[in-house]
Structure formats: structure tokens, C-alpha cells
């Protein structure tokens, strides 16, 4: 039977000083010997997805203490990618993932916590905490802050749904009046919660359900809805159950590495492809797999992308559906249920909500469940009232959406497409692969041949797009924005938004060793590996080169001869210390970012640290 980790700091005469300090935090005599549960909360007033989390840790703590544990809360940082977008702040977003993972490890190991509750929500916070949880391998459960309600407003007497991306596009579109742009801005992000589409934050929170590490509804129940309160309370109760199973009963299935095993990672990626999730999820799943010591790679993602249909289409891939609509249609469990019936899931995978995924689906998949409480749970809807408060409303849809032919979630037979929402491309431009979110690409753009327009930074690309340099038929190439070359692998939401605002969204392509926001749509190909700074071919592309993109064939090609490509590589290497560096780019890089870049790997490895350099 495993011994409580916390006994290290609570048992024995030589721990008198530590016990004295525990007492100073409120621990009583009869508390010693109980499991200590760490609560990692990411509350901050900087981020709408986290602004409502201040009291959530203590809500969970109360449930833990009622169930016989000791709860101790600490905080991590959280970067808002939308606010950091379009300027030097974006350099810090991806590196913050590693800091979050490390900070959770530091706090949990320094204080010998026995188990962990992760209260996360936005883009890098859920992945960072996931990496830490799998690194630590102690009982864990995730509970997120939940998605924002979709924005709604009337334009030209028509009620439309909105999100952050609509505000960005309208702000850069000269055809949109100042009044309309301001109206869109004021309506786009009406409540607390993670941005309302299938962007990175919501994608990752959905994937924790598929990995088996969070409760049903975690990824889709609105932040504002009163029903979400029960998810936090149940998370507190469940972590105590997991803790008891492991430490008292020696039940190894309660540990995250045994829940999030290879089959669970396949389930998560299958869900991601089926729902057209953010391409960033590829980066984060690869990183999490490394922490879990699971051999899950780009090859596995490529294989799955050829098998899994696109069953759920959500903003930014369509203006019709947002996360509130996904929840009404049964949430993640609704999508997983259809995947299970299509024979595409490992339904024997362990899950924190039941003995295995099959058991959880039997109860929570509204297409098969007759449980009235479950149907009521998924009827939770938006109130349409701007607020920063959690649990502030109890509105419900008149009915849940079980239309699997023309609804938000479809069966395999009636899928939005038989090709999934993400694809891995490879070729001489990306020898180790790159990612495209096919869910956001028009069918006519699935094959594209164009002329390269090369930029050494996102800033230069934005200036080129807004200045009219980029024209129909161009393939915009943005390089030296990878994990090492940026450093920090910036998101390219502004370049893609500005292409849309200039009417070029379906008339140009964009490829980069950087990455894209989950809000990106259009022929946007990111994560090109190896990156330019690591000697990748993308560094050898010249303006005017022909680039051929073929999504059905999963290929991307720089159309020059092998002889010419080799000559360019030789010329680059001859530059010595100036080789594989951007030409003419002026960028202030802090010591913190330089330290990150020193160990950063390319995107095909999850942009994690290259631990081989640590000895």
C-alpha cells in the first residue's frame, strides 16, 4: 500500500518544525494523517477565462474537507493570448506553458502533496497543468472555468453570433463602419469564460474529458451557468475517491498515467479531429505524451486523421455554432458517443467519472441515455446578460439537440465531411510535418498552388498584408517564428484575420513555423518542422518560389530541384554564426526568452525542452 507523500512532512519528531508551520496554515491535531490535496488555481484579473475563478478553489476545498481531506490552494500564472496577440507579448505565451508546468511541480513536490486538483481554463494553462499532472503522476482531476457565452448583436436587422475573431476582422476591415466595428467589439465577448468557439482553450478542456481526467460537461458547460458549480463540488469529491483508491487500496488505475495511457491519447486526438479542434492541441498533446512517457507522435496523428470524420463543426469554422450549442447537443460525451458507435474509440479506457469510458458514455451520451437529470444538465444555456460572475444564471434551452443528421453533432453517416478537422502534411518544406486545421479550409482550397511571399517575422507579414504587398495567389511564408526562432512560437491570428479583412481569406495560403490561434480559419498551415532556426527548409524559401499544397495527398512541396535546394543549404551554412537567423529583423529578446529558446524543440516534438542537453 503506497504511503501518503505528505507523511514526509507531517510524521516523526524531526518534523516538529514542519508541523508547526502546517498548524499555522489552519491544520488541526486531528487533521494530521489525512491526505493533503493541492488545488492549483489559475485565477487572474487579466484574463476573462479566469476572472471568475477567485472563489473556485475554496469551493473545491470545502468538498475535499467534507470528504475527509486537507485542501491547500496555490496559484499559477495565466497569459491571455488574445490580449498578448499582435505585439511582443505573444512571445511569452507558449513559454508560459513550461513555467506553469514547473510551478505546479515545484509547489506539489516542495510541500509533499498527495493529490492534485487543477482549476484551469485558457490556452496554455490547461496544457501546462496537464504536463505537470502527468509528470507528477499522483491522483489528479481537472475542472475548468468553462466557456464564455457567444456574443450576439443585430447588424442590418439580422441577429448574428460573434466571438473575438469577428472583432479582430471587423477592426481591420475598412469596409466596416466605425459604428459597426464598435458594436461588434462591444458584443463579441459578453461574459467571463474562455472564448466561445472551438478555440485552443475550449479544445483542450474538451480533450481532458476524452483523456479521462475531467468530468462530463467540463469542456462545454458555460462559465455563467449555475450547473457548473456542481462540477467544482464533484471534482472535490472525486479527487478524494481517487486518492483513497490509490493510497488505501493500492489501485493503480487511479493514477493519471494509467488513465491517460496510449489508448486515451488516441481517444483525445480522435475527438480533436472529429470536432475540428485548434491545431495547438497537437502541440500540447505531444508535449503531454512526453511527460506521460507515452510513445504518441505525429505519425499517430497522421494515421488517425485519415480515419476520423468531421462530426462537429463549431466557430471559427462556422458562424452557426458555438460552445453553448455543443453543450446543448450533448457536449464532448455526445461526440464521443458517435465516435464509439463508429468503432473509433477505445471505450475500455479508464475515466475519473466511472470505471471506464463505456460506462461514462452509457450515462452521459444523450443519444443513448434516458437519464432525465443528464438531459437537464445538457439543456443548460446562455442568458445573454454581460457578466464576469460564475454561476450567475440558470437559463435552459427548451430541448436538447439530438438531431444527428443536420444538428451541431452528426453521426458518421451524416458527417460534415468524411475527412477529419485536422491533417498532417509533409514534404520538402516540412520534413518532420506540419499541421492544417482542415475544418476551417474551404473545399476549393484543399489543393493550392501559389507564389511564395516570404517574411522574416509576423510583424513584417502584417505590414505586408495591410500595405497591399500580398495579392491573390500568394503563399505567405512567415518564418523564424518557431519555438527557438521566435522565440516562443507566436500565434498568427492577426495575419490570417487581416487576410480575411482584405478579401484574401480564400485566395491566399499562409505557412509558418509559428502556430495559429484556435480562432484561425482559412488555408493556414503551421508548426512547420524543423523550424527555420533549427535548419528547416522553410528558411531556404525565396519570394517567388512555387509552393504546392495538396491536403488530400497530405503533401506540401517547395517546387525547386533537389540540386537547387542543396545549393541554398550550402550557401546558408557558409554564413557561419549568422546561419539560420532572420535577416534584418530587430527584436528585443529578454533573458527569460533566451533561456527558453536554448532548450526548445520544434513543434513536431511538442515544443518541449530538449532534455538531452541537460546531461
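Using N, Cα and C of the backbone, Cβ positions are placed for all residues, glycine too.
Residues or ranges marked as active site, proton acceptor in Swiss-Prot (evidence: sequence analysis): 517. The Mg(2+) binding site annotation in Swiss-Prot covers 81, 123, 124, 491. Here Swiss-Prot flags 122, 195 as [2Fe-2S] cluster binding site. Positions annotated as N6-carboxylysine by Swiss-Prot: 124.
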Cβ-centroid neighbours of Mg(2+) site 81, 123, 124, 491, 8 Å, sequence order:
79, 84, 90, 93, 94, 122, 200, 201, 280, 517
Going by DSSP, give the three-state secondary structure for residue 491 (Mg(2+) binding site).
strand
Return the count of C-beta atoms lying within 10 angstroms of the C-beta of residue 124 (Mg(2+) binding site), excluding that atom itself.
29
So how many other Cβ atoms are close to residue 123 (Mg(2+) binding site), meaning within 10 Å of its Cβ?
34
CB neighbours of residue 122 ([2Fe-2S] cluster binding site) within 10 A?
28
Near the Cβ of residue 491 (Mg(2+) binding site), how many other Cβ atoms are there if near means within 10 Å?
31
